[in-house]
Each structure stands twice: as C-alpha cells, then as structure tokens.
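Note sheet for the following structure.
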C-alpha cells in the first residue's frame, strides 16, 4: 500500500498535591494562574532549602558535588593494572578523551586511566584491588547515556566492557541468549536474526550501546509495548560486586521462585551496586511479517484516539506506537535532510505491526487504516512492508535525538506520565518559557506513556535551566509521573529523585548501596542524591 489520502488540551486540576520532597508534601488548592504561580514559588523555595540540607548545589542540583575522599591513582597502581591487563591499560590522554565525555558533550571527567578487561575474572581482580585501595571506578559500556551516568565526574578509573563481547550460548528452542555485557545491541540483533529470532529491545543507539549498559539502565526502547521491559525479559545476570566477589545468578530458567530475585537489584542500578559482566535474556521469534505505517494527525487528542483504536483493532500484532511533533520533523528536514513522506501535520505517528501471517496482518492493518481515515482521526499516511522502506520510516523517529544535536545545547527530559497528559507538558513548557528557548519539542513512546521533552538554546544558558528546573519536575510530580522513564538518573537527575520516590524508599536504596558497596567506589556521584552519597 502506498501513499493514501483521506477518501484540548486538558486543564490543570484545581486541587493537587505538590511533592518536591516527601517531608514537605502538602495538599494545595489553586483557582487561577496567580494562585498557581504563588504555589510554584513556595515549592521552589522549599526545594532550594532542602537542596542545601542535602549538600547539593542549591543553584543547580544537577551539577557535580565536591570530590569525595577517594585515593588517587599512583604509579604503583598503574604497574598493577599493566601487569593484569597488558596492552589494555590506557593512559594516553588522546585515547582517553572520548571515554571522558558523554554522548551529548555535556559532562566531562578527568580520568587518567581506562581499563579494558576481557573476562569476569579480570573485572573481579580490578574491583578487588580498587576496593582495597579506595579507588573510585566508573563502569562504562557504549557510553550512549544521556544523564551523565557513563562517564567519570572527576578522576575515577574507567572500567570499559568493550572487549567483553562474546556470545556464550543460544538455545534455539527456548530462545534464551547468554552473552557478555559488552556485546553491542545491534550485533546481537544480527546474530539472532540469522537464527530466526530478535532481541526484545530496540533503541536508536543500537549501533553503539552495550547490552550490559542497557540492563544497568533498564533501557526501554521501541519494542517495550510488545515485549515488555528488561525486568521481565532478563532471566539472569552475572555481576561483580565492589569487593571483587562474583555473584553468579546467570539463570536460563523462565521460572525460578527460590528466594529473593537478586538480579532485579542490578537492573536499573546504573552500575552503582555492581558491574554486570554477563546477561541471559529471553528472545522472541523473528516475526514473519512486519509492516510500518507513518501517519499524520491534526491534534494530539486525535492521536490518542488513534492509539485507542489501534490497540483495539490491531491487538496482538501491534509492536510499536511512537509519535513526534511537527517541530521534530522540521529539525529532521533541516539538519539531516530527511524527507517527510506525507503532507505536513502537527503530529506524526509510527506504528509497527509484527506477526506470523502476512495476509492476516495486512488485512487487520487495512481495516484499521480505513477506520481512522474514515473517521478523520488521521489526515494522511504511508505504509511500508519492504525492509529498506521500513528503515526509512523508522529513521524519522529514531534520528530525532541526532537532529537535536545540531540545534546547539539541548536540555533533555525523559518523563513518564499518564498517556493523556504527555503532550500537555510540552505545551505548558512552551508557554512557561516563552521566548527563552530556541525550540521545545516532544516525541516518544505513546504505548507506554513515555515523553522525551527536549529544549534547545544556542548555547548553555543557566537562566533557561533555572526556568526549566524544577518546573518540569514539579509538573511531572503533580500528575504522579516519573522524572526518569528509561534514561536513569545518572549525575544530572540524582538530586531530583524525591519528585518520584518517597524519602523512605530513597533511604532504603542508600542502605542497599552501603551494604553492597560500603566504600562507595562504584560509579560515585550517580543515581542517589548527595545526602545519601
């Protein structure tokens, strides 16, 4: 099927709960904007006060804290590492540059040492030594993180998993893959596709990101709607703890109800509790029929109604439902020279179906498209069934992040909200910032309520940042959302955790960290707020 043609925002509640920090949560009633502005002012005041109490920078809670009293690397340390990892202990400043800077070029460390072990035993010996010497360590995979979690803040030793890239086993009956943590996601995808399977995870950064990093950040991605999160598909992990002990929970069983599910501690912990060295993951069969539809809607409300119709009519074959706004499309055309395949619309949708019967799937998709076109929910669209055309349509969603890098400095927010509220945040942020921002754009995963809010300016602008934060977190907390849907907290968001988690939960996280890493050498300054670290 080729190109085909056509044959309100909800208001803020008047009563809501502000939860900057649970100790200061209070129910507030607002009538109109002036009242709301007063409430926001009060909340910001208490947040700044609390940030001081936590030891954070009150002007910028996402800034780096003071360096903790870790030891510094000596020549004796380097001699040990060189003997342990001959030719794989990197100290050349030129070779260290890329590992010291995050993908967005917004966080830069000053590490003088990069270690590249090949085995779990190598990681174990490194951590045992570093723990005894009180040397801080920054685990690093593909370094594609967006919150400053994968690069050193100061002079932490970088422990790279890039050479831990072997597939140990694949069972083509159960679909269970066991591999080292440094395997690149795209390479695993190719490996599985040759065997008629696929990874349950797909990301725009798949050409660089490592499966260990995906697991340590609990990455979501484009297939979560169909296959669920990594907390469900990861069956087992091998993890090296801070003192060098190896925790082998590399199970290949779908059902194991013996005691606590310890692997869940390390999924999403961003390398602060242990270094993931191997993963076993359940992989689905490769679908025999894949279709991608790229559609246009004239309003976000129509987009939501299209999603509702889509879930009802496509059912079990629906594998992705993504969106991007017109501002995103403009950036794709401007910076990456990509072509919009349909007429201009305020909103665009990428729908993917995946099934085992091409005729059945195409019939269901045709019925769905006929319904949304007839009811005027969709104004224009195109459908692809060939691999090259499917890739071209997906690139319009996957390369938005890349296009944004050409706009100057980008403030990125990865928010989880009730689906009907996703785009309200984008619109409210535009009104809130006025002319301060160059661009405010929204895109993301409608299927799981995940908004990627991006705000650009010609260069780093502290006044703009002060206008964005904590407003974006207050807004999210008001609607009981999460300030991190899939990117993690890293360095940038660690002190904002109280917007999404009660103080009791954060305190318990600190207790777990203290138990597993009493010296705090693993990825310090990340994930947990400064009062816990």
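Including glycine, each Cβ sits where the backbone N, Cα and C put it.
Since this is a predicted model, take the numbers as computed values, not measurements.
Site annotation for (R)-2-hydroxyglutarate in Swiss-Prot covers 397, 401, 412, 454, and the matching candidate from 335, 360, 487 is 487. Across the residues the record lists as binding (R)-2-hydroxyglutarate (397, 401, 412, 454, 487), the two Cα atoms farthest apart are 17 Å from each other. If you average pLDDT over the domain 'FAD-binding PCMH-type' (107-286) in this model, you get 97. Around the Cβ of residue 486 (Zn(2+) binding site), the same chain contributes 217, 218, 219, 220, 221, 414, 450, each under 8 angstroms and 6 or more positions distant in sequence.
Excluding 445, 452, 486, which define the Zn(2+) site, the same chain contributes 220, 221, 414, 444, 448, 450, 451, 485, 487 within 8 Å (Cβ to the Cβ centroid), listed in sequence order.
In this view, residue 401 ((R)-malate binding site) is surrounded by 20 other Cβ atoms within 10 Å of its Cβ, with every protein chain counted. Here the candidates are the binding-site residues 397, 401, 412, 445, 487, and by Cα distance the one nearest residue 454 ((R)-2-hydroxyglutarate binding site) turns out to be 412. Listed in sequence order, 204, 222, 322, 324, 350, 443 are the same-chain residues at least 6 apart in sequence whose CB falls under 8 Å from the CB of residue 397 ((R)-malate binding site).
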